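Chemist: Copying in the features that Swiss-Prot gives for the protein in this structure:
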- 11, 12, 13, 14, 15, 16: FAD binding site (BINDING)
- 269-283: NAD(+) binding site (BINDING)
């Protein structure tokens with residue numbers, strides 16, 4: 001026997017690292033099996049972490065003492081909060097990362113985890129004791145264990161496409177996981193093929209930057225991790241350019257070489273991250289598509305052109321790239337490609353990401369039909385915790401839709417399945433006013449402490465912050481003004497005779513804690529970090545009761561019958577994607593509509609309201 005562990009994690013990507021670290025934090029003796037230690041923490045596609053919906057997941061991973069947030073802070077070279085002009089519930093923290101720094105930081109984190117061994121080799125099969133998992137085959141030897149987490153990414157029988165050329169690989173230059181794909185197939189699991197793509201990597205020294213629009217980060221970078229005090233890396237700019245009609249002409253002329261349009265690829269790609277070929281075909285009337293030129297590091301010339309992933313032949317890639325402003329003389333360091341890979345229907349899984357028919361086998365990341373580092377990391381954390389719980393004879397660890405975005409994601413996956421790579425959006429969450437990025441620690445760290453997956457440093461910081469928040473809330477609750485007093489201080493309130501606490505007043509438009517400090521100087525004792533949280537809590541307090549009432553009404557309507565002749569095309573507020581699916585499937589009830597892939601809680605609420613109005617006027 002090569003070794004005996006409680007948990008063996010297969011794969012050293014974003015899901016695997018979180019799974020291995022989470023398992024070990026819960027006290028399980030854990031092994032991480034990867035083809036090469038040097039590839040742990042690699043960013044296979046874009047050099048960025050976070051974004052809309054995704055940034056929420058990173059904060060939740062961090063709140064449960066995961067790695068991604070801290071590593072992104074250590075490697076971040078441009079930080080921006082997306083949707084800053086909108087409400088706090090839909091703001092998304094995002095960071096460009098230096099690939100080398102990210103990989104190095106993740107490897108350092110993995111090496112520092114107590115109870116975690118890294119084993120280089122290829123996992124080729126699974127061992128069983130009856131129907132239960134008993135180990136993993138690594139080469140000709142066995143790692144005995146009580147639970148296994150598979151985080152195979154795009155390696156599961158991966159096939160790279162560049163034009164008409166095909167190469168069996170899990171990532172460019174790395175071997176695929178052929179044997180494990182066959183092993184899963186032998187279990188009789190429902191499986192399919194998906195695909196994703198990546199653009200060419202460009203030499204920044206050959207780009208005419210003077211012609212491009214500059215995109216800077218936030219003046220004051222906002223970290224992902226609740227443990228990070230400040231961002232210390234030098235910050236860089238990104239740049240924006242666009243495709244041109246000439247670009248589109250070159251692509252159209254060569255579509256027959258694209259593996260998607262030639263029929264060489266059968267797997268579905270991510271709807272919200274289409275290739276440039278798909279964009280040109282699907283949006284034929286568009287004369288330009290935006291491209292973000294993102295530096296891949298502080299000391300390398302490599303540029304990632306976000307927005308033009310492609311699998312066209314190398315010569316065609318060179319032609320269309322040089323029709324783009326600023327890229328007329330661009331040199332290509334690595335050509336773009338598409339990759340097709342196996343996935344397991346996530347409806348095979350429990351809420352703890354355990355395969356229902358194979359006790360002790362857990363899956364996380366792209367093997368479950370998702371796309372994105374953040375989605376993978378969040379699943380890895382949950383799978384790792386549950387694998388450790390399984391090995392220790394503990395109850396499953398789950399999070400529901402009202403607790404976390406990671407709960408929303410897993411619930412979507414295991415109940416709806418996927419037909420295309422799943423990506424997290426804020427619109428998928430019914431409770432997004434509660435599930436904000438800013439309060440992830442307040443929602444999850446306490447539960448993590450009870451579970452035993454939170455380290456001492458985070459526990460102490462969380463306790464101190466919670467005490468400060470409670471103290472600030474108590475202080476605000478103890479101060480109040482009558483309408484007359486409020487008016488005297490320049491605050492606009494209803495003349496209803498009701499006294500309002502300082503917390504109530506914070507919910508008023510244009511009222512901040514700084515405004516109230518001019519009335520009550522004692523509020524100056526509230527630290528700025530706590531003040532920001534309190535202001536957001538106060539802003540949303542009045543809406544949360546309304547949201548809870550809306551959700552209760554929505555649940556009552558789940559059994560509502562939908563007319564067979566309902567005109568979805570004329571319904572305002574629905575995306576074209578949802579209109580198309582409703583029209584094609586024609587669900588009989590609101591409940592059935594809710595199970596359609598891609599359906600959102602907001603769309604269901606609109607649908608229910610439309611049917612109720614129609615019934616009222618019948």
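Numbers run from 1 along the shown chain.
Glycine too: its Cβ is placed from the backbone N, Cα and C atoms.
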Chemist: Nearest to residue 11 (FAD binding site) by Cα distance: which of the binding-site residues 269, 271, 273, 277, 279 is it?
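Modeler: Closest by Cα: 269.
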Chemist: Hey, of the binding-site residues listed (15, 273, 281), which one tops the CB count within 10 A?
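Modeler: Counting every other Cβ within 10 Å of each candidate, the maximum falls on 15.
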Chemist: Apart from 11, 12, 13, 14, 15, 16, which residues in this chain have a Cβ no more than 8 Å from the mean position of the Cβ atoms of those residues at the FAD site?
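Modeler: Filtered neighbour residues, in order: 9, 17, 18, 19, 34, 40, 151, 153, 365, 376, 380.
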Chemist: Would you say which of the binding-site residues 11, 12 has the most Cβ atoms within 10 Å of its own Cβ?
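Modeler: Neighbour-count leader: 11.
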Chemist: So, three-state DSSP: helix, strand or coil for residue 13 (FAD binding site)?
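Modeler: Reduced to three states, the DSSP call for residue 13 (FAD binding site) is coil.
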Chemist: List the Cα distance (Å, whole number) between residue 277 (NAD(+) binding site) and residue 13 (FAD binding site).
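Modeler: Given the Cα positions, residue 277 (NAD(+) binding site) is 28 Å from residue 13 (FAD binding site).
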Chemist: If you measure residue 15 (FAD binding site) to residue 273 (NAD(+) binding site) at Cα, how many Å is it?
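Modeler: With the alpha carbons as reference points, the distance is 20 Å.
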Chemist: Sort out the sequence-distant neighbours of residue 283 (NAD(+) binding site) for me: same chain, 6+ apart, CB within less than 8 Å of its CB, listed by position.
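Modeler: The list for residue 283 (NAD(+) binding site) reads 289, given in order along the sequence.
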Chemist: Express the distance between the Cα positions of residue 269 (NAD(+) binding site) and residue 14 (FAD binding site) as a whole number of Å.
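Modeler: About 20 Å separates the two Cα atoms.
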Chemist: Taking Cα atoms as reference points, rank the binding-site residues 271, 273, 275, 279, 281 by distance from residue 12 (FAD binding site) and give the first.
Modeler: 273
Chemist: What is the number of other Cβ atoms found within 10 Å of the Cβ of residue 14 (FAD binding site)?
Modeler: 32
Chemist: Restricting to the chain of residue 279 (NAD(+) binding site) and a gap of 6 or more, list residues whose Cβ falls under 8 Å of its Cβ, or answer none.
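Modeler: Residue 279 (NAD(+) binding site) has long-range Cβ partners 286, 289.
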Chemist: For the C-alpha pair, I'd like the distance in angstrom between residue 13 (FAD binding site) and residue 271 (NAD(+) binding site), rounded off.
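Modeler: With distance taken Cα to Cα, residue 271 (NAD(+) binding site) is 23 Å from residue 13 (FAD binding site).
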Chemist: For the binding-site residues listed here, 16, 275, 277, which shows the highest count of neighbouring CB atoms within 10 A?
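Modeler: Of 16, 275, 277, the one with the most crowded Cβ is 16.
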